[in-house]
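Trainee: Got a structure for you, written out below as structure tokens; questions coming shortly.
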């Protein structure tokens, strides 16, 4: 079944708000129905064209390893689809976490854009999932996570695998917030050159080095047609590029999105912020993640193990970066915490 990309001719870029998916990491997956309904209504009214709703780790992510959802994600997807008047509802899935049945259920509940994420060197595991999504008539988006870890030409080869499998837009995903300006530009440009008219290119940034907005501008100038952000930076780590700031900057440089700056600023301040457990901070932990290249969703896991074992969270995160851990390896933070704990005890014993 052929599905066109949802893209208004008046837009230069299509923006996806990920507050209700990436923000789930920051909220420890505790969204209520009232919060989701209010946020979707506000974003929709501001003109946000795509709103992503899922557990932070995608369909099926509610688990002991990733954290349990307060409200089943499928119920939230259905509520979001019923609430939105114009916006399309997207959902994320990671092969090996979500299943084909999860995709079908999400579509039945009103989701129309399937975003499939893999580690940036493992695009081949998404082939069957893209095939199924296209057969179902879903629009498809591919996420190449931790894109900072391989060079542009290698990333472009992985993007080609996704596009050939049926992906309609492949994202450079800066999961760690580790890319700096030229790194984004070069990767996006490489994907644009490789994919041509076969698929669009997108960019998903994090604020761990404070560059979410600047990197998104670089991506657009390099040819990206889809950009992610979250109101109030509501996302993992220091959060995503704030949508309200993105729109302000895009307006200033003449990039059309169809989103009203004042309405989205109101939505961020009056609707999204009250649903956040705290602001997403650019603090030492977040900076260490960006500097060391650590997957942003590790933050809450590291804080939990820090409190459990009495070791500094920033040291946990730095060593996770040294070991080049990727999404799905959060449990290894326990091993690192025990390692640091042993070192502390050995040092204390030697000092006696």
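Glycine is no exception: its Cβ is also placed from the backbone N, Cα and C atoms.
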Trainee: Say Swiss-Prot lists 204, 206 as binding Mn(2+): which of 17, 22, 34, 44 is in the same site, per that record?
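Mentor: Swiss-Prot lists 204, 206 binding Mn(2+), and from 17, 22, 34, 44 it also lists 22.
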Trainee: Which single residue out of 291, 295 does Swiss-Prot record at the substrate site shared with 21, 22, 175, 204?
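Mentor: Only hit among 291, 295 in Swiss-Prot's substrate site, alongside 21, 22, 175, 204: 295.
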Trainee: Would you measure the largest Cα separation among 21, 22, 175, 204, 295 for the substrate site and round it to whole Å?
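Mentor: Largest pairwise Cα separation, rounded: 15 Å.
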Trainee: Using the recorded substrate site (21, 22, 175, 204, 295) as reference, state which further residues of the same chain have their Cβ within 8 Å of the centre of those residues' Cβ atoms, listed in sequence order.
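Mentor: Going along the sequence, the neighbours appear as 18, 25, 143, 145, 173, 206, 235, 236, 240, 296, 297.
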Trainee: Within 10 Å of its Cβ, which one of these binding-site residues (204, 206) has the largest number of other Cβ atoms?
Mentor: 206
Trainee: Specify the secondary structure state of residue 295 (substrate binding site) as given by DSSP, simplified to three classes.
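Mentor: DSSP assigns residue 295 (substrate binding site) to coil.
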